[in-house]
Structures are given as structure tokens and as C-alpha cells.
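Peer 1: Before anything else, here's the structure in question.
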Amino acid sequence: MRTLHAVSHPHSNSMRFQRVLYFICAFQNISCGIHYLASVFMGVTPRHVCRPPGNLQNGEIWELSRCSRNKRENTSSLDYEYTGSKKEFPCVDGYIYNQNTWKSTAVTQWNLVCDRKWLAMLIQPLFMFGVLLGSVTFGYFSDRLGRRVVLWATSSGMFLFGIAAAFAVDYYTFMAARFFLAMVASGYLVVGFVYVMEFIGMKSRTWASVHLHSFFAVGTLLVALTGYLVRTWWLYQMILSTVTVPFILCCWVLPETPFWLLSEGRYEEAQKIVDIMAKWNRTSSCKLSELLSLDLQGPVGNSPTEVQKHSLSHLFYNWNIATRTLTVWLIWFTGSLGFYSFSLNSVNLGGNEYLNLFLLGVVEIPAYTFVCIAMDKVGRRTVLAYSLFCSALTCGVVMVIPHKHYILGVVAAMVGKFAIGAAFGLIYLYTAELYPTIVRSLAVGSGSMVCRLASILAPFSVDLSSVWIFIPQLFVGTLAFLSGVLTLKLPETLGKQLATTWEEAAKLESENESNSSKLLPTTNNSGLEKTEAITPRDSGLGE
């Protein structure tokens, strides 16, 4: 039976319309990747010493250190090693910064060092907190106002708040601009994902969804390249913010999704979009009135209105489901912590920090391709578990490589980023397949929230490298190994129909070694596709 999904995929062999929309929307993911990791260089703390007083008196001798300055009482002694009495003063005249690498950063702009160092440590965590709020806020707005208007609003906001951050007059204005920038960037990722998935057919959906991460990775490459070429933070920020301009100029041509229009009862507008799609794809159009009539008479015609709301406690339905939920949450946490720890810690690997970040971004792209191929060959669980084990192993290798052999350390970090990127790219799909329809959105949404909690904590983990340089690798390696072990206890979902009830979800473990002869009827699965296609809460991209 033809279902509502035919609206977004009128002909399986001709998807020119969908391809154009996909690449337009995916291009904007590059800007999101840029802003998520711009602080890697913008928040660099260069070597510095306390600035001497501006009104030096004749004969005064000052000893300058990083966070204080000392005035010698005995001005007749010019020895470097001075053991006489001296008086300590704070750095009220500011600091002298090493400008060999960066002419200015956000840290040097507002003297975020010494007793103000904690303000610099908040730059990335506060951004990630904005990411968390943005995903919730704009997901709600996209349901009420439509996908198209939210895509335009968030993209325009990314440009405006990005420029505002570059021209901030003080630290607090800078942080406020970055916070709102994070909200709109996160909002675009979530709503853009929903928008694309509501146009892409089921056959291409997995590849399309996973490779949205690849465009995010391209943003990482541009951060490294721009950081290498531009060493003044506000100019660096302004240039990176202009990447969103092409999307703003052409996003007005994007149509609203037929799914959202139908959910609002705007059938004539939805029919016009379907007709345009058919014309672009050189195929015959379909009448929505006929499709809707067929669906309403089908066994799942009323399923959307029968879905009940569920709370977080339903993810702990019984002991087995509770264990599954905690394991999935740990994997989300580990994936996000590892992803951002590897990226943010690239400046501490030795060698050229710009090349380090560039290489760590490059390896993400083949990682997502690997996931798309391997998960359908050997299974989701196997790929995820071995990716986590590989990440844990490479973290251990990085810790034992002498710092003078930094090239080996960078190569090991690339392998680790490849592995954690593969795990990170797979966990969203795997989570959706592990839970029944009634809590699938809740499961993915809660995992996404845990993921963002880890992204808030990742900068603090990297900052602890000043205590011991391998603390980020220790945290990520330990959690990755534990997550890998627990992943082996999860059921395999390859070749299994999506569960619609708790009983079917609980049977996944017992069906691992069989081909599952008790599959749901095709009509039911089609109805499930119709019900879930317009649910943005399923779209919590974990970036």
C-alpha cells in the first residue's frame, strides 16, 4: 500500500529535488562545525609575564613572573639570583603576552589569566550549555512555526551573533553573543536534520543522516585553516562567521516540508510541494487526498492520535530495559566526551597545532563512511563495541608515547578520533532501534541530553591537562573501555523490525541468533514511518 512516505519520495530512482535540498542544508552544517570548535584557537592562552609599572623610578629593579611582580628593596644588587628582601605587587598594569603564535586571542583581549583564568575556562562550557538549550527551544519552535522559518531564523542568527562576538566590547558581551550563537547553531542542527529526513526516502536515509556529520567535520577543517592564516581572534571569528552567508542567500528557496504542512492541515500547500518535487524528479505526482484516504482506512490510520506521553521513568520499564538505558547513556556520554576531548586537546599534542586539528577533522569523514558500510555488514553492536575498544586502546597508546615523538602521538590520536567518530555517528541510529515506538523519541532525546552534558564537561577535562597532560586520554580511555564491554551485552538490531511494544523490545536479546521470522506486517511498518517522520524530538543530532 502506498503510504504518506511517498510524499517525500515519489520515485525511488529519481531524487534530484531531494539531493539539491540535502546539499543546501548540509552545507550549513559546516558553519555549525566551525562555531562548535572555534574556541580551540580563539581561547588560546599564550605565555605571559606581569607587565612592569608604567611609572618606573630611576634605579628600581622589578622581577616579573606570570601572575605577580616583585620589587627589590636592595637596588644595588644586579645579580639574577637575588636573595635579599623584596616586595610583591599584583599585576594591576596588565600582562605582556608572547605574540609569536597569536597576535591576540580572547584571553589576551580581556586578560583572562591568573586570578581571571576561570573566566577563560568558561568560554567553551557556556557555549555547550547554549547548545543544550537551543536544541530544546528550536525543536519546539519548528513544531509550532514550521521547519523553513526556523532554518532561516537560526542561520541568520548564526551570522549576526557570530559577528557580534567578533566585535564584543567586553568579556560579558562576548560570552552572551557566544551563548546565543550556540543556541541558534544547535537549533539549526536539530531542525535541519528533521527537515532533511522528512524529504529523504528510507532507502537513502541512513547514509544521508550519518554523512551530515561529514559536513560538520568540514567545519573543523576550516577552523584549522583559518586559524593558521589569521592570528587575530576577532578577524578570525568574523571570517568564520561569513561561511553561513551563502546559505542565508539561498535558504528562501527551500520549501516547507509536506509532513509539517499536513500536520497543520494545510493540504493544498502540501500538494503544491509534491507537484514541484515530481516535476524536478521527472516523475508523476501523487494525490495526497488519495494517500490520506487510504491511510485513514488502514490498520494504523489513527496511530498518531493514539500515542501516549511517557516520562523518563518509562526508560526503566524493568531491570533489563533499565540496564540497557544506563548503558546507552554511558555510550552517548563517552562518544561526546571523546569527540570533543580529542578535538580540543589537539593543541597539546605537540608539533603544529593547526595541522593536528586539521588531521583530526579529516579522519572523521572516512569514519562515517566506514560506519555506513560496516553496520549493515557485521551489525550495529559489533561495530560500536570495537570502535569503543579501539578508542580506549589508542588513548592508552598516546599516554605511553614520549612527548618528543609527537608525530606518533598525533597518528594515535587520529586513530582514536576515527574510532570515537565512528561510535558517535552510530549511536543515534542504534539507540532508535533499541527502543519501542512509544518511547523512541524519549530515548534518543535523553541520550542527546547526556551527550551535551559530556560536551559541557569536555573542556574542563582538557583544562586538567595542565595538572597532568594525559588526564583527557585517561578519562576517555577508561570510559570507552567500560562502554565497549557493556555494549557487548546489548542486543543486535541488524535485520530486525523496529519494535512497537515493550514485549518486542525485550525479545531483541533472545532473537539475536535467529533471523526473526515473526516480522511485523509491512503496512504497520509503513504506518510507523508516517507517525515518526514528523517527530522532531527524534532528531537530536549529537554534535
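Residue 1 is the first one shown; counting continues down the chain.
The backbone N, Cα and C atoms fix where each Cβ goes, and this holds for glycine too.
TrEMBL labels come from automatic prediction, so no person has curated them.
According to TrEMBL, the protein carries these features:
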DOMAIN    79-495  domain 'Major facilitator superfamily (MFS) profile'
REGION    508-543  region 'Disordered'
TRANSMEM  20-38  transmembrane segment
TRANSMEM  118-142  transmembrane segment
TRANSMEM  149-169  transmembrane segment
TRANSMEM  175-196  transmembrane segment
TRANSMEM  208-228  transmembrane segment
TRANSMEM  234-254  transmembrane segment
TRANSMEM  321-342  transmembrane segment
TRANSMEM  354-371  transmembrane segment
TRANSMEM  383-401  transmembrane segment
TRANSMEM  407-430  transmembrane segment
TRANSMEM  442-461  transmembrane segment
TRANSMEM  467-488  transmembrane segment
Peer 1: Mind checking which residues reach the transmembrane segment (321-342)? Cβ under 8 Å, same chain, six or more beyond either end.
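Peer 2: Non-local partners: 315, 360, 384, 388, 391, 413, 416-417, 420-421, 423-424, 427, 431, 434, 443, 446-448, 450-455, 457-459, 461-462, 472-473, 475-476, 479-480, 482-483, 486-487, 489-490, 502, 505-506, 542.
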Peer 1: Please report, as numbers and ranges, the same-chain residues at least 6 past the borders of the transmembrane segment (20-38) whose CB is under 8 Å from any CB of it.
Peer 2: 127, 131, 151, 155, 158, 162, 181-182, 185-186, 188-189, 192, 195-196, 199-200, 208, 211-212, 215-220, 222-223, 236-237, 240, 243-244, 246-247, 250-251, 254, 280, 343-344, 357, 543
Peer 1: Should the transmembrane segment (149-169) and the transmembrane segment (234-254) be scored as in contact, given a threshold of at least 3 Cβ pairs under 8 Å and pairs 6 or more apart?
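Peer 2: Counting Cβ pairs under 8 Å, at least 3, so yes.
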Peer 1: Rank 208-228, 234-254, 407-430, 442-461, 467-488 by Cβ pairs under 8 Å to the transmembrane segment (118-142) and hand me the top one.
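Peer 2: The stretch with the most close Cβ contacts to the transmembrane segment (118-142) is 442-461.
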Peer 1: Are the transmembrane segment (442-461) and the transmembrane segment (383-401) close enough that 3 or more Cβ pairs fall under 8 Å, when only pairs 6 or more apart in sequence count?
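Peer 2: These two stretches do not touch.
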Peer 1: Which residues, given as numbers and ranges, are at least 6 beyond the ends of the transmembrane segment (407-430) yet have a Cβ under 8 Å from it?
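Peer 2: Hits for the transmembrane segment (407-430): 206, 209-210, 213, 217, 328, 331-332, 334-336, 338-339, 342-343, 345-346, 349-351, 356, 359-360, 363-364, 366-368, 370-371, 375, 380-381, 383-384, 387-388, 390-391, 394-395, 397-398, 401, 444, 447-448, 476, 480, 493, 540-542.
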Peer 1: Cβ under 8 Å to the transmembrane segment (234-254), counting only same-chain residues 6 or more beyond its ends: which ones?
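Peer 2: For the transmembrane segment (234-254), the list is 21, 24-25, 27-28, 30-31, 34-35, 38, 41-42, 104, 109, 148, 151-152, 155-156, 158-159, 162-163, 165-167, 195, 219, 222-223, 226-227.
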